[in-house]
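Undergrad: I have a structure here, written as structure tokens, and I will follow up with some questions on it.
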């Protein structure tokens, strides 16, 4: 789960954030302003300061916020001087916008506010529809307006060119005041309340926000055009209300509620994608007539309210179709305010103690939750005041025997982390500042100060010598329990030598100087152990899931606050050193104990082990259905100690018992099958791979299937002596189900003579779930999920269904993925009723898949497999190719045809795409790389002996918004890298690839190709983009660059090779067609070419998604001459960019003299 933050405001107007990965409230970086309330999202936070002005806080990111400004220069031809700036009176402006109606000279295009800055000066855009224009960027037409072309013709009477300039938002990690260009007479009054939401309104543009505000006079205002690329918005719009509004709340979707002065609630109706401001108001009566609604907060499908008597209420029956709900339900607890965040999680501030509470037990099936639980988190600034010299020594007894007082003992081995409630006001022990003069005369043996607080700290933390029980706590409060502390290699001996003066008495060289032991300042409003008093909380940007709760609700009660701070300051990197040391010692000990006994004969030379079970088997012949069978896996160990296995499948045909057997040393893949109703998997052998007809088995439960998969996979790996993590040279691939497979390449795989056939490659599954993967021969592997989340390989193996012996015990983490399932609603037009769901007998199903051949209804459509679970309702998908109208419909003349978003006279059919999100949770050797979502990633392919192996590894990526990024700091020891470097582009990109010689190729979303010049290890981002013409009448969608070869794939499945690439001209000269029927291409460090073919016909069946290897690829024949077909049937992605294993030279190659280099030979790096 990615890290997110909870925002809060204390009674002094200071803004704090609490990370889901941390345990301390951190003060906002820009703390100059005092705020009354805030409303947060994942990317930014809006707030109302004490001056009643609105501010926005945009979080910093490696990807800048850029906005493109455009202006068009228009010219007309005349017989005297050719094209010139003199236009006809009826023509458009000489400098205009794209429509020609608005006058837009370059010198009058200004920045919208002081929070923006220009990236560069104006320049001409020489890209026209994915094709480069001639120098100057002019496009020609017969008149204004008309269809423009990049070629000048005899009847081209007008021309225009586009000038562009980018501006960048610079006010990040600071509170930026929202400017207003409105008429001063119509400016809104000072604001009293504000709410941000609407980011999940059905298929709104990514980053779109709805910002609502309430003025002191009770008026409701809406901020126009707020989005990721325009975080400030443009202007305020006033909305009429039936009364004076006090407070307002906007949910992530289409819910908007407000409270009136009279205590009633207002509900905004009619909010949708085309009308985010809604259309009308409805009034909802409060729960009781005596106490009206004082505060309200809404989520996706919930409404929580607080009445004037501080009672908390939950609104039942709220959804998009019924935003008013049905009735009120009183909840336990008294709150001053509540806030609904992500996933309908609820936060609140207690009425009496002013603490932040979290509503536990909120799930999609129980939206009201179960109980309130206080967040036990101190402020980050308290860490600098909670330490003292005595706290150092009291901490020493928990970290070893380096520091010993006069009455110390080791902690009890029954320590455990306990979950306690936050102490009440009477239980708080404010720490007293230590006096320097008293500390100077303290006991040097024990290191204790003279203060009473320090004595209590040591006595509570370190029990007496020989005693296993701590001294009873003389202060009221919960009984302290010992806490389990992590090991550390920090040396505390240095603290013995330092007298217990004040914090300034500790030298900076001490290993604990990072604690910042400073005396308490008089400016702090709280004591050391006092909890802050909160006034407002906002969870709109905080993601909390029931399966992964933050560490906000537990404290180590057996420790004083200073020792607790110390234990939390130890990083995982510090605790990893002793773990590695112990592991190395155990490994060496095992080797010493085993080496001396290897010459002894085994007591049992042969052993047989059998596992049986009941499964179902897909019968290969009539009646072609699932048949109940008995399985028996027989494992035996030969004289040579090698274990082998045979799988027997016993079935009955016409009351006759038969069986088939499979030697597991012949199995090349065990693949889980995408099935909505059965837990099934397939077994492939070389023969079955050529036939495209695997052995398919199904288990009764998911656990049974996982057990058999893990056991069979382990047996196959033992037969082939494959174990542990994949080698750095491994070939990675992904199936359409998202399963990850790796294959160890044989040296003969890329041999020019007699290469290893692809159908004999052994594929084993790795835990996790990805959409694509990219590997490097130095062991760096990245992946991208269906939800565009980036993941990095941790070096483990197994996970998912592979547990126990088939999985590593470390480097396995929880992984989740989200994808959308799409169905189509089809309608036909008739003269009487217009478009209806009644079609012709020859038409497709009125609810179908994209092809129209399979019926798919909302009720009958299930998640892709039983491992997935729905996480949303059905919604209209407006992002389909071709565009849609405001209701999501696409029109065409008939089924099937080319669809477009606007209706014409010849359109007799239409369709609408519906989508629903589903989620999968699994585990694997993958760690998330936050926080930028990626669309594509490429790692430089390297051979082990390359000169650049000492440099950091070059990694380029494309974000889901189309930004090009370069990852810095990637290495074998730090495969995740350190930060992103943004590389500017004039349009969003879709695919990117970096070759072995740092040649970077990319494809834009409009299908055009680009080459990045001057990319070196010392200049990782290069200097400029070169526009490369695409193949004639083709739009590219993917590119892959090897050592000297560059291949590209277009939208029609055609594979193209870039000719003419030389060291002096790395852009090449032209595209040459290689093959069709290709879905994905990967070019390796040896210029080897592997693809995923769309359809491959086998001897028994047709398979979609097949791994194919280009044969005959040589330096003088880089395109090769044929295809070798490997594993297939549902493969989506392959990466061979880590395979730098060269084939051994044959005797004939060694005897032949080396041929002289030709002009079209390989490029020297």
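Every residue, even glycine, has its Cβ placed from backbone N, Cα and C.
Feature table excerpt (Swiss-Prot):
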type	residues	note
REPEAT	209-240	repeat 'TECPR 1'
REPEAT	254-285	repeat 'TECPR 2'
REPEAT	301-332	repeat 'TECPR 3'
REPEAT	344-376	repeat 'TECPR 4'
MOD_RES	386	phosphoserine
MOD_RES	388	phosphoserine
MOD_RES	391	phosphoserine
REGION	404-486	region 'Disordered'
MOD_RES	412	phosphoserine
MOD_RES	417	phosphoserine
DOMAIN	611-717	domain 'PH'
REPEAT	729-756	repeat 'TECPR 5'
MOD_RES	938	phosphoserine
MOD_RES	949	phosphoserine
REPEAT	953-984	repeat 'TECPR 6'
REPEAT	998-1029	repeat 'TECPR 7'
REPEAT	1044-1075	repeat 'TECPR 8'
REPEAT	1087-1127	repeat 'TECPR 9'
REGION	1140-1165	region 'Disordered'
COMPBIAS	1143-1153	compositional bias 'Low complexity'
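I would like each feature placed in context: is it buried or exposed, what are its neighbours, and how far apart are things?
TA: For the repeat 'TECPR 1' (209-240), same-chain residues at least 6 beyond its ends with a Cβ under 8 Å from one of its own Cβ atoms are 41, 43-44, 46, 48, 52, 54, 56, 58, 65-67, 112-113, 115, 169, 176, 178-182, 186-199, 201, 246-248, 250, 256, 258, 261, 276-277, 961.
Same-chain residues lying 6 or more positions outside the repeat 'TECPR 2' (254-285) and placing a CB less than 8 Å from one of its CB atoms are 197-198, 201-204, 208, 210, 212, 214, 218, 220, 222, 237, 239, 241-248, 291-296, 298-301, 303, 305, 307-308, 318, 320, 323-325, 878, 886.
Within the repeat 'TECPR 3' (301-332), the DSSP-based counts of helix, strand and coil residues read 0 helix, 17 strand, 15 coil.
Proximity of distant same-chain residues to the repeat 'TECPR 4' (344-376), defined by a Cβ-Cβ separation under 8 Å and at least 6 residues beyond the stretch ends, is recorded for 6, 8, 11, 18, 297, 299-302, 304, 310, 312, 314, 329, 331-338, 420-422, 424-425, 531, 533-539, 542, 544, 546, 552-555, 871.
Per-residue pLDDT, averaged along the domain 'PH' (611-717), amounts to 88 for this model.
Shown for the repeat 'TECPR 5' (729-756): DSSP residue counts in helix, strand and coil, namely 0 helix, 9 strand, 19 coil.
Taken residue by residue with DSSP, residue 938 (phosphoserine) is part of a strand.
Residues of the same chain lying 6 or more positions beyond the ends of the repeat 'TECPR 6' (953-984) and with a Cβ under 8 Å from any Cβ of it are 62-64, 66, 119, 166, 206, 228, 776, 778-782, 788, 790, 792-793, 927, 929, 932-940, 942, 990-994, 998, 1000, 1002, 1004-1005, 1012, 1015, 1017, 1020-1022.
Residue counts for the repeat 'TECPR 7' (998-1029) under DSSP, helix first, then strand, then coil, are 0 helix, 17 strand, 15 coil.
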Undergrad: By Cβ distance under 8 Å, which residues at least 6 away from the ends of the repeat 'TECPR 8' (1044-1075) in the same chain are close to it?
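TA: Answer is 993, 995, 997, 999, 1001, 1003, 1007, 1009, 1011, 1013, 1026, 1028, 1030-1031, 1034-1038, 1081, 1083, 1087, 1089, 1091, 1094, 1115, 1118-1119, 1123, 1159, 1162-1164.
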Undergrad: What does the DSSP secondary structure composition of the repeat 'TECPR 1' (209-240) look like, as residue counts for helix, strand and coil?
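TA: Per-class counts: 0 helix, 16 strand, 16 coil.
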Undergrad: Would you mind listing the long-range same-chain contacts of the repeat 'TECPR 9' (1087-1127), meaning Cβ under 8 Å and 6+ residues beyond its ends?
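TA: For the repeat 'TECPR 9' (1087-1127), the sequence-distant neighbours (Cβ-Cβ under 8 Å, at least 6 residues beyond its ends) are 668-669, 684, 689-693, 731, 733, 735-736, 749-750, 752, 755, 757-759, 761, 763, 1042-1045, 1047, 1053, 1055, 1057, 1072, 1074-1075, 1077-1081, 1133-1134, 1136, 1139, 1155, 1158, 1160-1162.
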Undergrad: Provide the number of Cβ atoms within 10 Å of the Cβ of residue 938 (phosphoserine), excluding the reference atom itself.
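TA: Total other Cβ atoms inside 10 Å, all chains included: 26.
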Undergrad: Could you give me the DSSP helix, strand and coil counts for the repeat 'TECPR 2' (254-285)?
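TA: Taking each residue of the repeat 'TECPR 2' (254-285) in turn, the totals are 0 helix, 15 strand, 17 coil.
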Undergrad: Count the residues of the repeat 'TECPR 8' (1044-1075) that DSSP assigns to helix (H, G, I), to strand (E, B) and to coil, and report the three numbers in that order.
TA: 0 helix, 16 strand, 16 coil
